[in-house]
Amino acid sequence: MNPPGTFHITATDGSARTGVLYTAHGIVNTPIFMPVGTVGSVKAIAPDDLEAISAEIILGNTYHLYLRPGDELIARRGGLHVFNAWEKPILTDSGGFQIFSLSSLRKLHKDGVIFRSHIDGSKHVFTPERVITIQRNLNSDIMMVLDECVAANADYTYTAQSLDLTIHWAKRSRDVYPKGEGDNLLFGIVQGGMFKSLRHSSVSQLIDLDFDGYAIGGLSVGEPKEIMMELLYDTAPLLPKTKPRYLMGVGTPLDILKGIEAGVDMFDCVLPTRNARNGTLYTSQGKLNIKRKEYAEDDLPLDENCSCYTCQTFSRAYLRHLFHSQELLAFRLNSIHNLTYFLNIIFGARKAIHGGYFFNYKQQVEQLYCN
């Protein structure tokens, strides 16, 4: 077994690549989609369900787990893997995005951020060092540094000041957790808003800190899709080829494939589970809204090309009935299917990269979602 942080590229097709990332709780094959388990669980999904659909890594959120039930409580239980019975790798976001989304409930300063809990209004302080301590208590395999995610309409002056702060925090994070300190990996986060020059500066300064991997943050925050993709394709090639690259909070199946095309390895998004709970399901024929009346007597599975438990067991008519009856089982079955679809998109991408036909594979998916 290679030491945590080892990353091997196994195949390339243009900038798209497959690889293997080693962590303390096992390997992660890339590209990979990470189901979001904000408070330690993927909504409506049990660990056995995740195993069954071949999920390799999930995401948790430092902010939410710190507030409830508390990182020290989780540490006393043996860490997040023991607490939530998920034995495979876990990545924890620093909570920066959630804190900065609080706007009126937080105050920024050089040392960190003061914020009030969205739960009970209690006052808390996150410093770069504190965020690392919390994540080490959680014992996540991949930790993220504290950063500020600016709004899409932030001007150059504010964005430049914000980037200086984010880099300052990244340096302090690296100081408190030097390379080789432990088995937890630490990723830096590229920021810089909508400005290429600032993102280039961010990449350069983060590379000097020699993180175990690099995330592209601050995209899909309200900017037009064309600008998001332009910044993605501009930023990703600047990151070290020998380290994993993570596009935070993005996105649709097509967004993910475009990210892979740009050379990104890791993705997370709440979209598959959130849409599942709203009745929107992804299939090999495009999106399907199970709430529609046309499915009331439809005995077909959601997707005849899908091997997930939901599709192999239940009809569209039954799933529609569950949804309209407000049965909680609908959330689980729909989520199993949507997560399976997203992971199958990833598995197909890996196969296409190895086979040298990734561009054609991406075009096939594009036809489903651009009509």
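Including glycine, each Cβ sits where the backbone N, Cα and C put it.
Quantities reported herein were computed from a predicted structural model and do not represent experimental measurements.
Binding of substrate is annotated in Swiss-Prot for Asp93, Ser94, Gly95, Gly96, Phe97, Asp147, Gln191; the matching candidate from Gly70, Gly121, Gly213, Gly218 at the same site is Gly218. Within His321, His324, His337, the residue that Swiss-Prot lists together with Cys306, Cys308, Cys311 for binding Zn(2+) is His337. Per Swiss-Prot, the stretch carrying the note region 'RNA binding' among 123-129, 221-227, 249-255, 361-367 is 249-255. When Cβ-Cβ distances below 8 Å are used as the criterion, the region 'RNA binding' (249-255) is approached by residues 97, 219-220, 228, 267-269, 271, 282, 341-342, 345, 362, 365-366, 369-370 of the same chain, each at least six residues removed from its ends. Sequence-distant neighbours of Asp93 (substrate binding site) (same chain, six or more apart, CB under 8 Å from its CB) are Leu59, Gly60, Asn61, Thr62, Tyr63, Met144, Met248, listed in sequence order. Mean pLDDT, taken over the region 'RNA binding' (273-277), works out to 98 on the 0 to 100 scale. Highlighted in sequence order, Pro301, Leu302, Asp303, Ser307, Tyr309, Thr310, Gln312, Ile336, Thr340, Tyr341 have their Cβ within 8 Å of the centre of the Cβ atoms of Cys306, Cys308, Cys311, His337, the residues recorded for Zn(2+), and are not part of that set.
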